[in-house]
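Asks: So Swiss-Prot has the following annotated:
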| type | residues | note |
| --- | --- | --- |
| COMPBIAS | 21-35 | compositional bias 'Gly residues' |
| REGION | 1-48 | region 'Disordered' |
Amino acid sequence: MDLSSLRPAKGAVKARKRVGRGPGSGNGTTAGKGNKGQQSRSGYQRPVIEGGQMPIYRRLPKFGFTPPNQKAVACVNVAQIQMWIEKGLVGEEISVLDLKHLCNASNQEYFKVLGNGELTSTVTITAHFFSKSAEEKIAKAGGKIVKAYRTLEEAAKVNGLPFEEALLTPKAKVVKVKKEKKSVKS
């Protein structure tokens, strides 16, 4: 017995259905698609065809829009942070990486700390945004706030800076340079 002689058990692997290979196979001619019509053709078919009726997507009015520069923001309450401290999940310093793991968030998300609940522990929290009530509660408990400017994904792409430092450096503002008009020579 060797590797080349090993085979799956009989009946364990079902044979692939080969359609359109002649009428004798039982799946020839129309290849299981029936006769004529849009579903029998190749390529794209609209998922919902309502016949002559006005389709639902045209009956309903257009509504709102999605802003192109929208930021994905994960929110964390002060009460959640206190609970994590009591459970021993975080220490006195809470970084953006800690928030990412505890909130099960992605690398593209910004983090905002909200002031719902009470905070009794002294902590240093690094996040992108803080509500006024959260700032007050953290300061009242003797903690500190550190503002991050980049997402984890953006910080990883910054060359020449350590990861933690890249998180805390503000992004350079984009300055549009006006081109001078060329003078027409006469």
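Keep in mind that glycine also has a Cβ here, set from the backbone N, Cα and C atoms.
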Asks: Please indicate, using numbers and ranges, the residues of the same chain that are 6 or more beyond the compositional bias 'Gly residues' (21-35) and have a C-beta under 8 Å from a C-beta there.
Replies: none
Asks: Where DSSP helix means H, G or I and strand means E or B, what are the helix, strand and coil counts for the compositional bias 'Gly residues' (21-35)?
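Replies: Counting residues per DSSP class in the compositional bias 'Gly residues' (21-35), I get 3 helix, 0 strand, 12 coil.
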